């Protein structure tokens, strides 16, 4: 099963990715992990990526795509994979189609975890972190027993500056604009599957499981 996982910040992608790879024993391939592994192994593309990163420059598409090609050609991807964080653009998605064709494979589903942006705003702005021990809470979904006080160490809880409403709203807006062309691209190819991410996390996974179970 060859899957791509999509969703806006706060949609719960990480939780669902963990459950998918645990049940189906396929590698969870995130862009960051791919780059780190390629640079550590000193592959041709990894060394090229390192030369850009060391200069503080953006890694060009052809290098990123080369790293994806190297990674998807590895033995642990024979039974499938879960791509997370790639592709980000229609150009990258088109390049991925070519890679899959060359490998004699195809993308089975693009799973888009759908959550209303108002609910995402609530999820993302409700996070609170302990100044002392770093424990994470949520005002609505995982509140501390006593307001603004850490259950574990009694430290003071604070909101990160990038979790404030204006910053989060801007981040969501940028993400929505960036991902729409990609969602349209995959809808046209017939790969796109919309998953209701507003349910309980176990129900979200149950819906994904029903969809992808037949691919195993």
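Each residue, glycine too, has its Cβ placed from N, Cα and C.
What Swiss-Prot says about this one:
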type	residues	note
BINDING	10, 11, 12, 13, 14, 15, 127, 136, 137, 199	ATP binding site
REGION	30-59	region 'NMP'
BINDING	31, 36, 57, 58, 59, 85, 86, 87, 88, 92, 160, 171	AMP binding site
REGION	126-163	region 'LID'
BINDING	130, 133, 150, 153	Zn(2+) binding site
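Here the Cβ of residue 57 (AMP binding site) has 9 other Cβ atoms within 10 Å, regardless of which shown protein chain they belong to.
Within 10 Å of the C-beta of residue 14 (ATP binding site) we count 12 further C-beta atoms, all protein chains included. Within 8 Å of the centroid defined by the CB atoms of 130, 133, 150, 153, the record's Zn(2+) site, lie the Cβ atoms of 131, 132, 134, 135, 151, 152, 154, 155, 157, excluding the listed residues themselves.
Counting residues per DSSP class in helix, strand and coil order gives 21 helix, 1 strand, 8 coil for the region 'NMP' (30-59). Its own atom aside, the Cβ of residue 150 (Zn(2+) binding site) has 22 Cβ atoms within 10 angstroms in the protein chains shown. You'll find the Cα of residue 31 (AMP binding site) roughly 13 Å from the Cα of residue 14 (ATP binding site). Minimal Cβ crowding within 10 Å, among the binding-site residues 88, 127, 160, is found at 160.
Following the DSSP three-state reduction, the secondary structure of residue 160 (AMP binding site) is coil.
Ranked by Cα separation from residue 127 (ATP binding site), the binding-site residues 59, 86, 133, 153, 160 are led by 160. For the recorded site, residue 130 (Zn(2+) binding site), the DSSP three-state label reads strand. Of all Cβ atoms in the protein chains displayed, 20 besides its own lie within 10 Å of the Cβ of residue 130 (Zn(2+) binding site). Take the Cα of residue 153 (Zn(2+) binding site) and measure to each of the binding-site residues 86, 88, 137, 160: the nearest one is 137.
Non-local neighbourhood of residue 86 (AMP binding site): 4, 29, 31, 34, 64, 68, 92, 96, each in the same chain, at least six residues away, with C-beta under 8 Å from its C-beta.
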